[in-house]
Ligand SMILES: Nc1ncnc2c1ncn2[C@@H]1O[C@H](COP(=O)(O)OP(=O)(O)O)[C@@H](O)[C@H]1O
Ligand SMILES: [Mg+2]
């Protein structure tokens, strides 16, 4: 064993880490550009200088400031936070279920959360202390309850003896259809007013974004992201197989349960505030894995940033595709995501 | 008491009893033990129980310490286990996967870790693969990486489940040779599941033969791998002979 070999290996490792940090920085820069474009492009175009002026001086009541602070900024920030939540949730889900087709959307978490939310809307449930929220609080809580319920169910199936990858996917698809049917049922019996609300959930859109919701989702992301990164090494080990990870000292059931909690919090809040948005949680982890590898310190952060980037681009496209119309973002992500989804299915089918 | 003493162990999977009063040892430090037996005889189950991955009813002590009383991380510090399944072909560098194996328990990636990792890889003859990705390697190459992940942790107890199953002739030999030397040098207790009986005769010290979840025979490997016991365990007519160079080998003539 030559010490030069060790130095070479050490050097290669350091440059690998640097390259990954570089990729993360590049993604973040692209995200910043997209975010600014979101703020300046629209029916009332704003130059970058007047945009910065408005951002720095707060809402001074001018027309431009009102457009930025009341419309574009909340939408743009909400899009990014939703992308962050879905990207991170999808990345963790693919790891703990060991399944490249796992995401909150494909395996029914989003559908379950949407059903929970629509139930709360139609029944007119309210939290005792949530008057200021106009019922939004209970909607989010109910979405969370249904999301965690289906997440636990999926985990049970995945660990069940004889439960293979295929079983989990099929079960997830069954969950999607079940909850979609239930949402349709709720829509059928809903009143005119509630129906308006419900259509919003099923399409996925940023138009209901406001600052209190942003604070809640942003706070959740801020709490969950470090919690998630603390498990990064354990999750990386889990990628090498459950037994191998356990023999390395990882408490696999505990890591799994914590991960399911995080996934449910993120997916439920994203759905409760932005409706069902498909394919971001599926596509972002794949892109992150390609760019950054399996080291979960980079893979998890990368998937979250890629999720932000996709949502930011999609919300730009949602406003640009049809002049004068704002399409629901969910439609855009689905249109872009389905080809990617099919490509993944085909590639996975070939290798396994 | 130095070394590994286990049993009598009873292991259930679900409601099904798999191992019945299995005893192992005492296995002294520095010896290589072959765990033999036909398919489904419970070899993997016994190894998983020793690795603390399955609840076992019965005592397991290593160098005087009861393993069952240890927490998962403490257990993992003493014991390295390589599952029967090959490491999956994921987008992770060989070097990286060995470092993960060292790092999961905490601590930082210092120079020591890099030299340990590179040294283990070069002993297994795969130092040139350090920067390749696992999804670009063959099954046998990944099996060598799996071995590196276990060896690099210098455990007191080394448990390997069919470590030769995907290796070519040359690597089967070098791996067994390496395992024997490392076991002596680091005074480990190594328990290795093997299917190749000639390999067991030449490269291990003691052996335990399992059949239908019970111990059929146990002791020095030449006393365990005999015609009578092979007939009983595998249902084959076999001879144990010395070849031209005086090395023992097993010839199978037919089934009984
Ligand atoms: N997860 C499991 N669930 C139920 N039975 C199992 C499981 N794993 C192994 N067994 C049973 O335990 C017995 C021993 O299996 P195993 O230890 O894998 O055998 P070996 O490794 O010696 O080929 C077999 O009869 C097998 O059917
Ligand atoms: Mg086995």
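Positions of Cβ are set from backbone N, Cα and C atoms, glycine also.
Given the ranges A:69-89, A:195-215, the record in TrEMBL names A:69-89 as transmembrane segment. With a cut-off of 8 Å on Cβ pairs spaced 6 or more residues apart, the transmembrane segment (A:299-319) and the transmembrane segment (A:101-125) reach fewer than 3 such pairs and are scored as not touching. Long-range contacts of the transmembrane segment (A:137-156) within its own chain (CB-CB distance under 8 A, at least 6 residues past either end) are made by residues 96-97, 104, 107-110, 112-117, 119-121, 125-127, 130, 168, 171-172, 175, 179, 216, 256, 260-261, 263-265, 267-269, 271-273. The stretch from A:21-41, A:69-89, A:101-125, A:326-346 with the most CB pairs below 8 A to the transmembrane segment (A:168-190) is A:101-125. Counted as Cβ pairs under 8 Å, contacts with the transmembrane segment (A:101-125) are highest for A:265-287 among A:21-41, A:265-287, A:326-346.
Through the fold, the transmembrane segment (A:265-287) approaches residues 78, 81-83, 85-91, 93-94, 100-106, 109-111, 113-114, 116-117, 136, 139-140, 143-144, 146-148, 151, 200-206, 208-209, 213, 216-217, 220-221, 224, 299, 302-304, 306-307, 310-311, 314, 328-330, 333-334, 336-338, 340-341, 344 of its own chain, all at least 6 residues removed from its boundaries and within a Cβ separation under 8 Å.
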